[in-house]
Amino acid sequence: MASKFFLLALLALSASRALASDPGQLQDFCVADKTSQVFVNGFACKDPKTAVVEDFYFSSLHMVGNTSNKQGSVVTAVNVAQIAGLNTLGVSLARVDYAPYGQNPPHLHPRATEILTVLEGSLYVGFVTSNPENKLFSKVLNKGDVFVFPQGLIHFQFNIGNNEAIAIAALSSKNPGVITIANAVFGSKQTISDDILAKAFQVDKNIIDHIQAQF
């Protein structure tokens, strides 16, 4: 009996070591060293002794973005590219400005969940679940409302009002990434064959060629 308990304890210890990982930061911070030639998953850290307060600071998020574009929206990102001190911390944010009836078109963040808060205006928002259901979850948001877009799912926001709208989005990655669906499908470098897209969208190739020309 004692040998059985010893064996179970040994197996448990072996499993715990195999599954062990660092649960969080191993130091106070890891300010991104963007001049480093070391290739890592993210950015290498610069010497903490050389860190300055500006490594943790960003200004101008109060400024209205220029929405004079085809989509009628602009995103002002605040991630590790703007604040080097966000490196390894797993968080970032963005301000989104919308012209009347402007939209943040269908897109996804491959590395982050997003939680969006409406500061001004009214937005129709939604996300679509993965195959095979492809279920749409959508809602009209007003000032002070909050909505979550799960990581990796296609989502959008549309300003349904006559006035400009503003939202703040927090994301669960220092570098969430963004893939705008239309840009990726119709504006890729090199372009995807119109035969493939025509079959995928079940339309004539001339329609695909016309859409690709817009990108």
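Each Cβ is built from the backbone N, Cα and C atoms, and glycine gets one as well.
Predicted automatically and left uncurated, TrEMBL annotations should be read as such.
Among the features that TrEMBL reports, disulfide bond is placed at CYS30-CYS45.
What TrEMBL lists as domain 'Cupin type-1' is 59-209.
What TrEMBL lists as oxalate binding site is ASN104, HIS109, GLU114.
Note on HIS155 (Mn(2+) binding site): other Cβ atoms within 10 Å of its Cβ, all shown chains, come to 21. For HIS107, HIS109, GLU114, HIS155, the entry in TrEMBL reads Mn(2+) binding site.
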Point to revise | Whole-number Å value for how far CYS45 (disulfide bond) lies from ASN104 (oxalate binding site) (Cα to Cα) | key: 33
Exercise for review: Would you list the other residues of this chain near oxalate - those whose C-beta lies within 8 angstroms of the C-beta centroid of ASN104, HIS109, GLU114 - in sequence order?
Suggested key: ALA94, HIS107, LEU108, ALA112, LEU116, PHE149, HIS155, ALA169, LEU171, PRO176, VAL178
**Study point:** Taken over the domain 'Cupin type-1' (59-209), the model's mean pLDDT
**Key:** 97
Review point. Roughly how many angstrom lie between the C-alpha atoms of HIS155 (Mn(2+) binding site) and HIS109 (oxalate binding site)?
Key: 9
Practice item. Tell me the Cβ contacts of CYS30 (disulfide bond) under 8 Å, same chain only and six or more apart in sequence, or just say none. Key: PHE43, CYS45, ASN87, THR88
Review point. If you count Cβ atoms within 10 Å of each one, which of the binding-site residues HIS107, HIS109 comes out on top?
Key: HIS109
